[in-house]
Amino acid sequence: MDPSLLRERELFKKRALSTPVVEKRSASSESSSSSSKKKKTKVEHGGSSGSKQNSDHSNGSFNLKALSGSSGYKFGVLAKIVNYMKTRHQRGDTHPLTLDEILDETQHLDIGLKQKQWLMTEALVNNPKIEVIDGKYAFKPKYNVRDKKALLRLLDQHDQRGLGGILLEDIEEALPNSQKAVKALGDQILFVNRPDKKKILFFNDKSCQFSVDEEFQKLWRSVTVDSMDEEKIEEYLKRQGISSMQESGPKKVAPIQRRKKPASQKKRRFKTHNEHLAGVLKDYSDITSSK
């Protein structure tokens, strides 16, 4: 063979080996690769949605609309309405509102007809913190107090009747702008802290202010009567020669009971026999007496 042809053949082989070759994939390999890609995308989407839900719960932005068909949604709307009516009452807005006005101000106009009917016929009507006035709804506090004078009268009535004080939280719930009113009353009221750290307001009766000896105060506080009832305390005082105010006071005279008159006895009536022979019979008693 011609040597020039051999050289050209070798060069052709070298060029063929240096050029890259792309092969076609089979159908089975293509389907497997596509399914694996789909699985990866699904996992990524699921993970992202789960992370979004977890982030929503962690941030506290829980949507009530997700529970629109459950009882939790209904009671959540009810709690929001009651809290809103309470806050507006404390601001001084005491005029009643219709249900549509309440739903508008609480941003719940998109609730269903069933939930709206439930609020109108059951939930708001039977709620102890809501009162119905001419088809409208208003907040109903524990005490009807509108100003500081009414608060002072209420505390005075509790003091005179021996009912004690009133919780500060009940006054804050009932009286609009309660902090200003309490501050304005000054020394006319007293504050007492309970063991559970709740504050109680009392009427400060200045006519009852007098000095008591410290020794007497110590003796008074040292006496424990927690485990004794009223009967045991009364028996102990009697043994010590101390009588109660009930015994020393005027005794009530028992009313005189009038005797009932005995009922008059009715004459007995005897049944007479042979009444049909009254005109035929004769009396022979005179003849027998003469013999």
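Including glycine, each Cβ sits where the backbone N, Cα and C put it.
The model shown is predicted, which means the values in this text are computed figures rather than measured ones.
Per Swiss-Prot, these features apply:
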| type | residues | note |
| --- | --- | --- |
| COMPBIAS | 1-13 | compositional bias 'Basic and acidic residues' |
| COMPBIAS | 50-62 | compositional bias 'Polar residues' |
| MOD_RES | SER61 | phosphoserine |
| DNA_BIND | 66-146 | DNA-binding region |
| MOD_RES | LYS74 | N6-acetyllysine |
| COMPBIAS | 257-271 | compositional bias 'Basic residues' |
Open item on the list: Given a Cβ distance threshold of under 8 angstroms, which distant residues of the chain, six or more beyond its ends, lie next to the compositional bias 'Basic and acidic residues' (1-13)?
Closed with: none
TODO: Give me the mean pLDDT over the DNA-binding region (66-146), rounded to a whole number.
DONE: 84
Task: For the compositional bias 'Basic and acidic residues' (1-13), the number of residues DSSP places in helix, strand and coil - done: 11 helix, 0 strand, 2 coil
TODO: Give the residue counts of the DNA-binding region (66-146) per reduced DSSP state, in the order helix, strand, coil.
DONE: 41 helix, 9 strand, 31 coil
Task: Set of same-chain residues at least 6 away whose C-beta sits under 8 angstroms from LYS74 (N6-acetyllysine) - done: GLN115, TRP118, LEU119, ALA123
